[in-house]
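Enquirer: Relevant sequence annotations retrieved from TrEMBL are reproduced here:
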type: DOMAIN; residues: 284-392; note: domain 'Protein arginine N-methyltransferase'
type: DOMAIN; residues: 634-709; note: domain 'Protein arginine N-methyltransferase'
Amino acid sequence: MIPLLSKTLTIPSLPLLRLTLTPHSLLTRFTSTPTPTQTRPMSSDSTQRVFQLKLDPLTGNSEWVIIEDGNKEEEETFKSSSHALLATTSYLDMLNDDTRNRAFREAIDKTITKPCHVLDIGAGTGLLSMMAARAMGTCDDSKKGMVTACESYLPMVKLMRKVLNLNGMGKNVKIFNKRSDELQVGIDIPSRADVLVSEILDSELLGEGLIPTLQHAHDMLLVDNPLTVPYRATTYGQLVESTFLWKLHDLSNNEEEASDGIRLVPAGLDTILCVKAKQHPMHCDAISKEINLLSEPFKIFEFDFWKRPDSQGDSKLLIKATNDGRIHAVVSWWILQLDSEGTIFYSTAPRWITSPIATHTGNWCDHWKQCVWFIPGEGIPISKGEEVHLHAVHSDTSVSYNLATQATEIRECDSIAGDSHLTLSPERIAIYGDRKWRSCMLTALNNLLQARVHPLCVVADDSVFLSLLVAHLSKTSNVIALFPGLRERGVQYLKAVADVNGITADRIEVFQKKKYLTLNDTKQKKVDLLIGEPYYYGNDGMLPWQNFRFWKERTMLDSVLAEDVLVMPCKAMLKACAMSLPDLWKSHRCLSKIEDFDHSIVNNTLGACGDLPAPLEGPLLPFFIWQCGETKELSETFTIMEFDFSKSIGPCYGKAQVEFTEQGMCHGFVLWIDWVMDAKNSVVLTTGPDERYWKQGVKLLSQPVAVGGRGSSTGNCCSTLIEASFDPSSGELAVKHVWS
């Protein structure tokens, strides 16, 4: 699957082209952490034609792909490409959330008791629109009612039409392929709507543009005092101590114990390399045993859907500590009140919260998580009974916090470092602060440099760490950093920290041309060392083998490499493990009926697993396995195939016979890459399920299979053959299995 960038280009019926950049407010459902594998809708005009930007992960190049409505040839193209378009979104997970679906259905049935005009913003597959139409169908004189479904993303509009027709509701719901702020009363719809049903919420609540969407709807599309489902949303928070969370953002203090002599965050430049100051979605239940709760839950903000919200707001709270500790983060969540009477609720609270309206039903879901706001630096020390001042501020699309005690004031991560300031993902910050990881890199590089006296070293990826480390270890080396993703940002960062690390400005050159490196660029000197972690800026959410861009880069640089060039990593191994993943499988299983509405037609498009017609299979998807609810390893780790980076990139094939060692239900296979850093295999960096800072790839089975070790008397399956092939033209990995 070639992933899609988060841009679309809208083409009107006139010859003029226009690129429309919309606010985040009216986007359809995507995963909560934007990555290059995701897409975002933009404005659509009457022709309903968009260009989707498609990214090749092996080259970083992109191309525009047309998605058009009402054209038979384009419809066939959509059928073949829609699987890649929507499989990485969280629509499927959301539609499999029975608790959410039931709560909305109950609230809609309770709210819509007479014929009226219902507006559904961000309609998706049309589930809420169909619920509203059905609720009116039970009313007297229901023909006077109408449902308007507004959905800006064309691929989802095409899917919604199919769902509506499958359920015999094509005439009950009028669809508009527009953003809601493009909808006009008197032109598109005859009158203002009496009822708003909408679910444009992300893990933070506001990130999908709830506030500007409601503002425009109340100003232009709704009657005064409309009915709404949901009725109200309330955000809550709790102060916590967690060493794990601290390591995800405080590189300055964590790298102090590293023995390599490199300072990525020099003293006085605490914010030069940090995590973006925002709420980060995370399954906090997965680390509940590592969290020390330092306060009772507290209410932060309340948002009423039935009235126009303010763009800005703040909340000043005085919170009493319930335990001794150090405040590393604010964990937050929200609770929806779906009906006006306050009898129907939905909560994203972690399981340790025992409030009656926040009690968890046992459902694990990935489309909504808790959020974590990191307290900069080492956090705030606190004693039981001591009071903390918390100042929460919300904008149109986000919430931020500032905390202080009587003795402490905390400065947020800001742009104090100017143009050299870099923000990285929490996991990347944690990796750069990890002593074990840095020690492995140090050992591997020392081994390489022993064989070279005056090496020319090319850092092929976006590793600022390796660029500095090579120059630090070898005073006679010349380093060229390609920085394909960081580019100018990487240049400015290196300028800011090189001197502090004892490296002169001429020791590291950043190659900024768009074409590939040539001998003219190296002054006719061949490259002795080609190295990478590998890491590419912005690719944090991609599948593990999509970092094989390093292999592609190595191939394109072949003409400038010395015959005896040393490559690090020298090879990669595709590793896997059979696992029980009941929560993840349930959230991605095939859909049938949702609150009595047939959704089976969306399964292939949304990348579902289970009961797909042959030869269709569910896609490989990236996940942090440690955050995937209940998990259990059912086999030993096994190697499927190896990739030799001393050679040019090419097709690869491998297979492995898997013997099950534990009894249980197998829901799929988890795959990852082990990077072999040196030819002696003495330094191997694994990115497997036990490593929390990397995502793994998951291949879910069509149906769970009962397995057990050999000699088991249960009759369960005891082994399977796994086959995998790698396509160097697309970077796609195909995985198949045969049960035995």
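Using N, Cα and C of the backbone, Cβ positions are placed for all residues, glycine too.
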Enquirer: Taking all residues of the domain 'Protein arginine N-methyltransferase' (634-709) together, what is their mean pLDDT?
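Expert: Across the residues of the domain 'Protein arginine N-methyltransferase' (634-709) the model's pLDDT averages 95 on the 0 to 100 scale.
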Enquirer: Using DSSP, break the domain 'Protein arginine N-methyltransferase' (284-392) down into helix, strand and coil residues and give each count.
Expert: 10 helix, 46 strand, 53 coil
Enquirer: Summarise the domain 'Protein arginine N-methyltransferase' (634-709) by DSSP state, stating how many residues are helix, strand and coil.
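Expert: Helix, strand and coil residues of the domain 'Protein arginine N-methyltransferase' (634-709) number 0 helix, 45 strand, 31 coil.
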